[in-house]
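Colleague: Dropping a structure here in structure tokens format, bear with me for questions.
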Amino acid sequence: MVNDNAQATRTPLIAGNWKMNLDHLQAIAFVQKLSWSLGDAKHDFSQVEVSVFPPFTDLRSVQTLISADKLELGFGSQDISEHDSGAYTGEVSGAFLSRLDVQYAIVGHSERRQLHGETDAIVGAKSAAAVRHGIVPVICVGETAEDLEEHGPSAVPVAQLREILSHLKASDEIVVAYEPVWAIGSGQAATAEQAEQVAAALRAVIAEVLGDDRAAATRILYGGSVKSDNIARFMREPNVDGALVGGASLAIDEFSRIVQFKKHVGV
Ligand SMILES: O=C(CO)COP(=O)(O)O
């Protein structure tokens, strides 16, 4: 049985997935402004962790800025190779990412599943590669509108996660992001109840495959049309520990309001 009080020990994570937006010069200006905005708002990073996920080509610049200015922002990559080195043209190794202090790597985003044919087996191998290099995989799962109609909300994400977790061990730190494909970029977010129902089912699968301790410790994010006016609803749910934000993470004021959901929307 997963400990119901565990949510208090999970620091919420608000993650901004920039997708293929902002070059490295734009990224520097953006991260500086975001950090000023959160500084002006006296954001307490020990209460809500904030991480950005820029394109690969921005990572070195973002790392340099964050470390030089001692910013409390975290950062991650949007993908990672399942291989460590060798003849894999275009792939980026976790070994290289960890040299850049990358903390997180998104794996299995639905855009990569749809556009690049990534399967759960590949996503599992990528998750294991991240862990091998000390990087926390942010494992994305979610159902399409057709899946939802045919199987209901939980069946597909649960099956995806079960396969992916079979590549991992109980000691591996992970983050899971529930992103219903129909909610991504559509302006039509899931309801908080839907997100909670699926997050609870995902936590149960983590308990089943990796044990209760890993399930209690794992942050489960919701993603799909998250905005400052709906974030509070999700964050009130006991199994939702943060958000993976796409479009709204590219507007500094809006992303900053999302990060400060406690202040602005009275959770
Ligand atoms: O795909 C997403 C984050 O990974 C969600 O995108 P939107 O927030 O733009 O719907």
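In case you wondered, yes, glycine gets a Cβ from its N, Cα and C as well.
Straight from TrEMBL, here's the annotation block:
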ACT_SITE  His109  active site, electrophile
ACT_SITE  Glu179  active site, proton acceptor
BINDING   Asn17, Trp18, Lys19, Gly185, Ser225, Gly246, Gly247  substrate binding site
Colleague: Looking only at Asn17, Trp18, Lys19, Gly185, Ser225, Gly246, Gly247, which the record lists for substrate, tell me the maximum pairwise CA distance in angstrom.
Modeller: 14
Colleague: What binding-site residues in Lys19, Gly185, Ser225, Gly247 place CB under 6 Å from ligand 1?
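Modeller: By the Cβ criterion, which requires under 6 Å to ligand 1, the hits are Gly185, Ser225, Gly247.
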Colleague: Tally every other Cβ atom lying within 10 Å of the Cβ atom of Lys19 (substrate binding site).
Modeller: 18
Colleague: For Gly247 (substrate binding site) and the residue listed as 'active site, electrophile', what Cα-Cα distance in Å is obtained after rounding to a whole number?
Modeller: 15
Colleague: Write down the Cα-Cα distance for Glu179 (active site, proton acceptor) and Gly246 (substrate binding site), rounded and given in Å.
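Modeller: Spelling it out, the Cα of Gly246 (substrate binding site) and the Cα of Glu179 (active site, proton acceptor) are 11 Å apart.
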